[in-house]
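Here's what Swiss-Prot has on this protein:
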type: DOMAIN; residues: 3-81; note: domain 'Ubiquitin-like'
type: MOD_RES; residues: LYS117; note: N6-acetyllysine
type: DOMAIN; residues: 133-294; note: domain 'FCP1 homology'
type: BINDING; residues: ASP143, ASP145, ASP253; note: Mg(2+) binding site
Amino acid sequence: MSLPIIVKWGGQEYSVTTLSEDDTVLDLKQFLKTLTGVLPERQKLLGLKVKGKPAENDVKLGALKLKPNTKIMMMGTREESLEDVLCPPPDNDDVINDFDIEDEVVEVENREENLLKISRRVKEYKVEVLNPPREGKKLLVLDVDYTLFDHRSCAETGVELMRPYLHEFLTSAYEDYDIVIWSATNMKWIEAKMKELGVSTNANYKITFMLDSAAMITVHTPRRGLIDVKPLGVIWGKFSEFYSKKNTIMFDDIGRNFLMNPQNGLKIRPFMKAHLNRDKDKELVKLTQYLKEIAKLDDFLELNHKYWERYLSKKQGQ
């Protein structure tokens, strides 16, 4: 009996349709080698488990109880030099095609149809609270791809693609902020990434909850047509006793995600080509300091996060 599987690697999805339940994990890896060029011994398939443990190569696919078209994430690097291993984003990548949102904010932010969409998300979207909100803490909402993690380059482990100083950044932020992860993918991938990066299991900080693409809304802009955005109003509506415009900041490498709440968004520099930039990227070090400075404030609405570096430099010079 054929067992179709979808494997995600290097920002692309690969369909595997020629294997059956009698084939083994090694057979799957051998087939993936023909698709990706990654040797079986360099492949790590996330989510393939037997009795809670990673499946060995000789385990039959039928024993994994996979549903047809199950999606699996693969980590692994080809045998080329690091420069060759890097997978540059395509020309239409969101980072490259991001646009200046300021002209369209007023038209979109308060439009009734968009506010109604947020109200529906507040009522219908189910949030799994991992750790309860803490009284008196501010809120930090973080994107994943290109913000915390280079999701297009290829590596043997997610840790190699992790933005430098991530755990130090989150440890410091947790002192003053509840931390929420919001990615424009589905929850399965978010959970897999957070586990691979060691974020969901770190003893020095806790994630309050995570949101996926289903919590986003689509808005119409005069110049760009329909786009998906991350409205913080969904969080404020569900947790109004803890969070509001006054105490929330969101980091994302795509500015248009802030379209419904521009005052609360900080556009972070994207972390790309991890193998080349891992030793040079200090963005989270500086943002750790910025978060610590503004945590002293009662109202974030007096800030313009577009000039966060100028604000930090001024405060540190005093």
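Positions of Cβ are set from backbone N, Cα and C atoms, glycine also.
Quantities reported herein were computed from a predicted structural model and do not represent experimental measurements.
ASP145 (Mg(2+) binding site) sits 25 Å from the residue listed as 'N6-acetyllysine', taking the CA atoms of both as reference points.
Counting every protein chain shown, the number of other Cβ atoms lying within 10 Å of the Cβ of ASP143 (Mg(2+) binding site) is 21. Annotated Mg(2+) site ASP143, ASP145, ASP253; additional same-chain residues within 8 Å of its Cβ mean position, judged by their own Cβ, are VAL144, TYR146, THR147, LEU148, SER183, ASP252, ILE254, ILE268, PRO270. Least packed by the Cβ count within 10 Å, out of the binding-site residues ASP145, ASP253, is ASP253. Cβ contacts within 10 Å of LYS117 (N6-acetyllysine), excluding its own Cβ and spanning all protein chains shown: 20. Secondary structure by DSSP for the domain 'Ubiquitin-like' (3-81): 19 helix, 26 strand, 34 coil. Spacing of ASP143 (Mg(2+) binding site) relative to LYS117 (N6-acetyllysine) is 21 Å (Cα to Cα, whole number).
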